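K.L.:
Quick one: the structure is below, questions incoming.
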Amino acid sequence: MLDKYDYLVIGGGPGGTPVASALASAGKQVLLVEKGAGLGGTCLFEGCIPSKIFRESARRLRELQESGDFGLCMPTRDVHLDWSAIQERKQVILHLRSTGAIQRIRQNSSLDITLGSAMFLDNSHARITPNAEKPVDIEFKQAIIATGSKPFRPPIKGVEESCVVDSAQILEINHVPERLAIIGAGPIGVELGQVFHTFGSDVTLYEAGAHILAHADQELAERLQQQMTEEQIRIITDCHIKRICRTGSGVFVEYQTAAGQTAHHFADTVLLVTGRRPNTEGLGLENTAVKQTPHGIQVDEKLQTTEANIFALGDVVGQPMFAHWATAQGLALAKNLLGQPVPFPDADHNSAVIFSEPELAMAGLTEEQAQSRDIEYEVARYDYKRDARAQISNRAKGLLKILYESDSHRIIGIHVLVEGAGDLMGEAALAVTQGMTLEELACTIHPHPTLTESFSLAARSALQKR
Ligand SMILES: Cc1cc2nc3c(=O)[nH]c(=O)nc-3n(C[C@H](O)[C@H](O)[C@H](O)COP(=O)(O)OP(=O)(O)OC[C@H]3O[C@@H](n4cnc5c(N)ncnc54)[C@H](O)[C@@H]3O)c2cc1C
C-alpha cells in the first residue's frame, strides 16, 4: 500500500470494482478497499448470484415435474432434493467468480486492493484497517464510496428471534424450512418465496401494500399474484405484522388484516425482506462534509456528495438498488472523472428483472409513473396465449405492454410477464434508451419462433388499430 493515492474506492461490489478498475486502467493510482471476504459485494455473496443459483435448481425441478406435459414419462415423484449439494454448488460458483474477479483486476499495476475496512479521517485522509493487520493512514485526492446496503429489520416485536432470518441468512440456511413465512412481497420476497415453494416449503407471503411488487406494473404484478395464489402460495396483502413469537408448535406470526382483525399463522422460519438501508456505519462520514438522508448518501446528478472531492454510487445512495445500475453509475463516473464527459445513467431508462416464475421484467416508465407526470400515452398489448414460442414451451400465461407517447409514438416503457422475460430486456432497454418509435419497432425483423417476435407483433397490431 502507498501512502498517497489519486483515488480511494471503498467497497468492492458491482459499483466500486468497475470504477476502480476503469480509473486504474487510465493510469491513476487507485486503492480499492473491501471489508468482505473478496470482491463481488452483496451481488455475489448475498444477492443476485446465490439467489439465482437456488432458483436454477428450483426451475429445473419444476421442469421435471412438468415433463409429462411434453410427452416425457419421468418418475418425478422419486426426484430427491439434495440440499447440501445445492449449497455446495453455490459455494463453488461464488468462489470461482470471486477469485476470477481478483485475478483479472490485479493485473492492473496501478490498482492496489486491500481486504479490510476504510474510514475517513477528513476529506483527504483515511484510515485503512487491513484484515488482521495494523491500521495505516493514507492520503487521497478523490474518494468514491460504494459501500452498498444491508437488510432493514423493522421494529416488529420478536424480530430478534433466531428463527427470523434476513435475505443473506436464508441463502446460507442448512435445510428447506417446512413452513416459511416471508414478510415483504418485493422482488426478493417473491423470488425466494417461489423458489422455496418449489423446494417443498409451505410459503406465506405478508405484504403491507395492496398487491405484491409495489414498483412493478400493477396489472402484471396482480396477474403474477393470481398465478402464485393458484400455485398454493398464500399471499396476505394489506396486512400489518404485530409480532413474531416462538411457541412449542413453531413460530407464531400475528398480524392485523385490512379489516382490522387480528389473525395468525405458524411457521418454522420467518424471512424478513422489508427493504434495505445504506451501509455507512463506521465510514467516518462525520469527519467530512458528506451528508446523508434516510435513503442514503446525498449526491447530485453527477454522483458528487456534499464534499466536493468525494463521490458515492450504487445502493449506498438509495434506489434503484440493482447491480447493473451500480455498475452503470461506476463506469459513467470513471469516464467523467477522467475528463471524458458521458451522460450519467437515467432512472427513466433503467431496466430490471424480477426473477419470479414467470419472470416479470421492465424497462423505462410504468403506467403509474407516466400518469403521475401527465404524459399522454397509449399501450400496445400482446397476450402470449397466441405466441408460437410460448405455446411450444407451455408458458403461454403472460402479457407484454409497450407504453408509447400518443403523439410521437416514442416508446417510454416496456413491461413483460412471461417465462424468459428477462432475456427480452436487452432489446426493451435499447428501444427505451434510444427513444425508438412504435413504427421502428414494428418494422424490425424479429426471428421466428422466438419470444422477441412479440415486440413487433404488439407494435404492428397497435398501429393497425389506429
Ligand atoms: C437476495 C438479493 C437478490 C438480489 N438480486 C438481484 C438481481 O437479480 N439483480 C440485480 O441487479 N440486483 C440484485 N440485488 C441487488 C444487488 O445485489 C445490489 O443492488 C448490488 O449489489 C449493489 O451494488 P453496490 O456495489 O452498490 O453494493 P454492494 O454489492 O453491497 O457492495 C458494497 C461492498 O462494500 C463493502 N463495504 C461496506 N462498508 C465498507 C467499509 N467501511 N470498508 C470497506 N468495504 C466496505 C461491502 O463489504 C460490500 O462488499 C439483489 C440483492 C439481494 C439482497
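Every residue, even glycine, has its Cβ placed from backbone N, Cα and C.
Owing to the predicted nature of the structure, the values given are computational and were not obtained by experimental measurement.
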K.L.:
With Gly184, Ala185, Gly186, Pro187, Ile188, Gly189, Val190, Glu191, Gly275 listed by TrEMBL as binding NAD(+), identify the candidate in Glu161, Glu207, Glu254 belonging to that site.
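P.N.:
That NAD(+) site, as TrEMBL gives it, pairs Gly184, Ala185, Gly186, Pro187, Ile188, Gly189, Val190, Glu191, Gly275 with Glu207.
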K.L.:
Quick one: which of these recorded positions, Gly148, Gly184, Val190, Glu207, Asp315, His448, have their CA within 10 A of Cys48 (disulfide bond)?
P.N.:
none
K.L.:
For the FAD binding residues given in the record (Lys52, Thr147, Gly148, Ser149, Asp315, Met321, Phe322, Ala323, His324), what is the largest pairwise C-alpha separation in angstrom?
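P.N.:
Largest Cα to Cα distance for the FAD-binding set is 22 Å.
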K.L.:
Taking only the recorded positions Cys43, Gly186, Val190, which one has a CA atom nearest to the CA atom of Gly148 (FAD binding site)?
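P.N.:
It is Cys43, whose Cα lies nearest.
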K.L.:
Would you mind sorting out which of Cys43, Ile188, Val190, Glu207 (the recorded positions) have a C-alpha within 10 A of the one on Phe322 (FAD binding site)?
P.N.:
Cys43
K.L.:
Which site among Lys52, His324 has the most other CB atoms no more than 10 Å from its CB, taking these as binding-site residues?
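P.N.:
Per the Cβ count within 10 Å, the most buried is His324.
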K.L.:
For Asp315 (FAD binding site), which of the recorded positions Gly184, Ile188, Glu207, His448 has the nearest Cα in space?
P.N.:
Ile188
K.L.:
Within the set Cys43, Cys48, Asp315, His324, His448, which recorded positions show a CB-to-ligand 1 distance under 6 A?
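P.N.:
Going through Cys43, Cys48, Asp315, His324, His448 in sequence order, those close to ligand 1 turn out to be Cys43, Cys48, Asp315, His324.
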K.L.:
What are the sequence-distant neighbours of Ile188 (NAD(+) binding site), meaning same chain, six or more residues apart, C-beta distance under 8 angstroms?
P.N.:
Ser51, Ser167, Val273
